[in-house]
Structure formats: C-alpha cells, structure tokens
C-alpha cells in the first residue's frame with residue numbers, strides 16, 4: 001500500500017481497522033539472541049580483551065585504550081563550531097529547566113496519631129549511557145540522558161559509544177557532566193556496563209537506544225540477577241499526526257518525513273476528517289521526499305504507513321489512543337482542547353508551531369519515549385528514571401498501641417503467625433511497663 005492511498009476508516013471492518021494499526025514485527029531472531037548471549041558471556045569472562053576483539057571485528061577499529069582521555073575530549077571540543085556549541089548549551093538549558101521542575105517533594109504524613117509515614121527520593125547510584133555511532137551521531141541523546149542523570153544526583157555517569165567516537169558526542173558528554181567515556185559499542189558495550197570489565201565500571205542501570213543487537217543485549221542483562229536494569233523496552237520510531245482542514249499540508253508532510261527518515265522500520269500515520277487535506281499532505285510528502293538525502297530510507301518507512309480519513313476529530317483521538325504513538329502531533333485549530341482526551345502517547349506536540357523536531361532537540365522535554373504501544377503503560381523518560389523512591393515509617397508507643405489490634409487481626413487472617421507475634425510481643429512488653 002502506497003502512502004498516497006487514502007483509507008476510509010469507517011468503510012473498514014473491525015479486522016481491517018486492527019490491521020491498519022498493527023506495527024511491524026520486531027522480535028529478535030534466534031541468531032541475534034544466540035550471538036548476543038555469546039557476547040555477554042565473553043565480555044563477562046574475558047573483560048577488556050573481549051571488548052577489544054569485538055571492536056576489531058564489528059567496528060573495524062583497533063582500540064588500545066578503551067577510556068577516552070581528557071585531552072581527546074578537549075581536542076574534540078576545539079574542532080566544533082561555536083554555533084553548534086551554543087546550540088547545545090541552549091538545548092541543555094531548556095532540558096535542565098524542564099527536568100528540574102520534575103523534582104518530587106518529600107512526603108511526610110501522620111496516617112493516624114503516632115504513625116508517621118514518609119516517602120523520600122534517592123538517586124540511582126551509577127548509570128551507563130549508550131550512544132550509537134554511525135554517519136549521524138546522536139549527540140542529542142547524550143543531552144537527553146546525561147542532563148537528568150546529573151540533576152538526579154547519580155554518583156557515577158559513564159558513556160559508551162562505538163569507536164571512533166564523534167566529536168559532537170564527546171563534547172556533549174563533557175558539557176553534561178559525564179565522568180567517563182569509553183570506546184565500546186554494540187552488545188559488548190551493554191555487557192561491559194552490566195558486568196563491568198578491567199576498564200569499564202559496572203553500573204546499576206543502562207540507558208540509550210541501539211540496533212537489534214543492543215536492544216537484545218539490554219533485554220538479556222535486564223533479566224539476569226548479575227546484570228543491570230534498563231530504561232524501557234525499545235522499538236522502531238513512530239509518529240501519528242491528527243490534522244484538520246486548517247492544517248498546513250507542508251508542515252504535516254515535513255513532520256511525517258522527519259520521522260520516516262529515522263529508519264526503514266519507522267511508522268507514520270496521518271488521521272484527518274478532511275480527505276482534501278489528506279490528498280494535499282500526500283502530494284507535499286512526494287515533493288519534499290525528492291529533496292531528502294535519506295529519501296530511500298524514508299520511502300521504505302512510508303510503505304508501511306497510513307493516510308486515514310475519519311468522520312471527525314473525536315474519532316481521530318479515539319484511534320490515536322488505541323494506537324498509542326511515540327510522538328503525537330495535533331495540527332488542528334484549538335489543539336489544546338483535545339489534550340484532555342488523549343490517554344496514550346509518549347510526547348504530544350500542539351499546533352502548527354510545535355514540530356516533533358522541537359522535542360527531539362531543544363524544547364526541554366525528553367526525546368527518549370516509549371514505542372510499539374508501550375505508551376499504554378510506560379512514560380516518557382524523565383528525572384524519576386534516574387531516581388528511586390523509599391518509604392520510611394516510625395510508630396510511637398501510642399501510635400503502635402492504637403494500631404496493634406488491627407495488625408494482629410490482619411496477620412492472623414493471613415495465617416502469618418510470626419507477623420502477629422512481632423506485634424503481640426510488643427503489646428505484652430508495653431503492658432509490663434505500665
């Protein structure tokens with residue numbers, strides 16, 4: 001199905017409607033699973049030697065020193081333009097502002113007289129950031145991960161990226177307070193962060209995107225007692241746009257294409273009650289596509305994408321909630337009026353002047369978002385992902401005495417005698433003191 005094919009949602013059967021919202025399969029092949037398992041074993045048992053061998057094999061790079069030196073980082077920064085450095089600083093300022101505002105106030109309440117309950121927040125002690133390499137270095141992801149890690153107060157923040165690491169990534173890491181940077185990529189980097197090596201420290205939690213091998217490595221280490229926690233499940237990028245008759249077709253097309261150029265497995269969907277707008281957007285997509293350097297990639301993504309015509313905006317919202325997109329762009333008049341009805345989306349962009357690119361880079365929100373329908377249960381990355389909550393309770397003698405019979409009754413009902421005894425012994429001790 002080509003992207004210029006308009007689909008009337010209400011002419012489709014329920015089965016056809018479900019098929020229209022089905023995402024491409026992303027399950028790892030048995031081959032990838034086995035390869036990753038072998039990599040994890042080798043890195044865990046052989047440490048730095050295995051990391052160097054994998055760099056030579058997969059990255060075609062002979063790595064002597066795994067850790068990037070301060071001199072190398074300074075030299076990388078010197079090679080960048082002032083314009084780019086200023087743009088990074090501006091983005092970081094907005095990211096800091098938004099994520100600092102997410103700081104949770106402590107909870108301190110007396111649930112009944114003499115029973116004090118608190119909730120306090122502590123940072124995850126050590127985190128590892130994985131940043132992919134390639135022709136287009138994702139230095140913006142460094143800003144999105146390292147900034148909240150710093151605000152949260154994580155004691156150790158380390159970064160791994162395939163060698164040779166781009167100057168932009170090195171400078172962004174320094175700008176955001178990353179303490180150590182390592183020339184390690186792929187599944188072997190995830191293994192090093194999860195298990196540690198002679199050079200790479202073991203961390204408590206791993207963040208960052210990657211290819212199928214990196215994704216599978218994160219999955220495997222997250223399920224091991226000796227591994228590490230991960231940020232969230234990963235899948236191909238996606239955007240859904242809701243547009244009305246007042247939308248600008250060129251704007252809508254540019255937003256769809258900015259997602260499609262991410263990769264051939266990206267998915268884009270347009271929902272509109274106006275068939276004329278849908279046709280104009282399709283025409284604008286073709287015009288803009290011809291000028292894109294990554295047109296081939298975008299065209300592959302568009303082959304699995306949809307132009308859907310609905311009866312009204314309310315139906316657009318209902319379909320969007322059913323799909324649960326990573327990015328939701330609402331290019332309608334009075335776009336904010338629809339926000340309260342949105343129940344599942346990673347990040348929402350309102351109006352003509354809020355392109356996805358703003359959130360990807362510099363508005364301040366985080367661009368690490370749940371994909372593949374995980375918006376139904378997962379949130380966009382934020383300060384809380386670099387923190388953990390801990391509860392504290394303190395009962396006075398009077399508070400304990402007032403609550404004792406309740407606890408004893410509940411423990412007895414669950415037939416947990418030791419639980420009941422822990423209370424009864426104290427009750428008897430208080431009676432003896434009286």
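Glycine residues also receive a Cβ, built from the backbone N, Cα and C atoms like all the rest.
For the Zn(2+) site, Swiss-Prot gives 259, 262, 419; the one candidate out of 204, 337, 352, 360 that the record lists there too is 360.
The least crowded of the binding-site residues 188, 211, 237, judged by other CB atoms within 10 A of its own CB, is 211. Here residue 130 (NAD(+) binding site) is positioned 45 angstrom away from residue 419 (substrate binding site), judged by their C-alpha atoms. For residue 130 (NAD(+) binding site), the Cβ neighbour count at a 10 Å cut-off comes to 26, with all displayed protein chains included. Listed in sequence order, the recorded positions from 130, 188, 211, 326 having a Cα within 10 Å of the Cα of residue 237 (substrate binding site) are 326.
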